[in-house]
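S.K.: OK, TrEMBL features for this one:
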type	residues	note
TRANSMEM	12-32	transmembrane segment
REGION	57-81	region 'Disordered'
DOMAIN	119-359	domain 'E3 ubiquitin-protein ligase synoviolin-like TPR repeats'
TRANSMEM	127-150	transmembrane segment
TRANSMEM	162-181	transmembrane segment
TRANSMEM	187-207	transmembrane segment
TRANSMEM	228-250	transmembrane segment
TRANSMEM	317-336	transmembrane segment
């Protein structure tokens, strides 16, 4: 008997989300519509007054007039004044500086995002319901992806999928506990970010497991190879898209956010290169002597880069968090020790491999 009945869960989630949506329309959509038209009128009228005063006087605007006009503009856009006693989060300052501050008198995204932040801070129950609905859609998308691209999973594939998911969740809990303070907006953004990247990573590693199975299976239909290759390309494009979006929005936290994008890119590229080498070998009539060498170097280079990036990521987290001898520090230290040992073993094995090849060529 499954632990979670997906049909029942989807039905309950949709019903609750509909109720939350109707409630949100009353407190968010309608007030924002009236708010935006009124504030836009005040904003344009203040700009018109400033232009008229410049044309009539023929000189620069006085300091008092400029400050009063800017205050009217800020009030019309709904941008709150900064107070030295109010502590704002990193994401709030970054998004407010990039999107909520009006640069040109075009569009009305400033009031919309201001109202959205107010809604997220006040109506946390509705937000949690909508997040639950988003996860429900993600579960459905995962089921459809499994059915279309993989069919029936093998036992070892299912076990690997659950183990990787558990390890990913445990590490991200430790990561969030080490980096973030208990602020609602930051937790929401980090959870969304890691959910999407974790979803892509799980299917990327499933593609690797299925490739290893198909590479050892004779007379595999070409449709099976095309499905896995198509999914790998989709994952790679999605990862690049998220990386570009991270660069354009979250510039102040690039090292923290792009780590998952970088490692996912390397894992996906490794599987794609192995797949291309395998299909190239199948198309050849004779024995391809360079096949093993290409596979070895592909795996060695990508795995080494992933281990180096992971070790640097742990050091960055330790630098930001500091050493306070807590449970989080112990988990980070154990993970750093494990990654360092794996990197040392990988480099030692490569040196032994090069020494063995050199001895064979000498003899």
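Numbering starts at 1 and runs along the chain as it is shown here.
Cβ from N, Cα, C; glycine included.
A TrEMBL annotation is a machine prediction, not a hand-curated record.
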S.K.: When you scan the chain for residues with a C-beta under 8 Å from the transmembrane segment (127-150), skipping those not six or more beyond its ends, what do you find?
M.R.: 6, 9-10, 13-14, 16-17, 20-21, 119-120, 157, 188, 191, 195, 199, 203, 206, 210, 227-228, 230-231
S.K.: Restricting to the domain 'E3 ubiquitin-protein ligase synoviolin-like TPR repeats' (119-359), what is the model's mean pLDDT?
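M.R.: Residues in the domain 'E3 ubiquitin-protein ligase synoviolin-like TPR repeats' (119-359) carry a mean pLDDT of 87 in this prediction.
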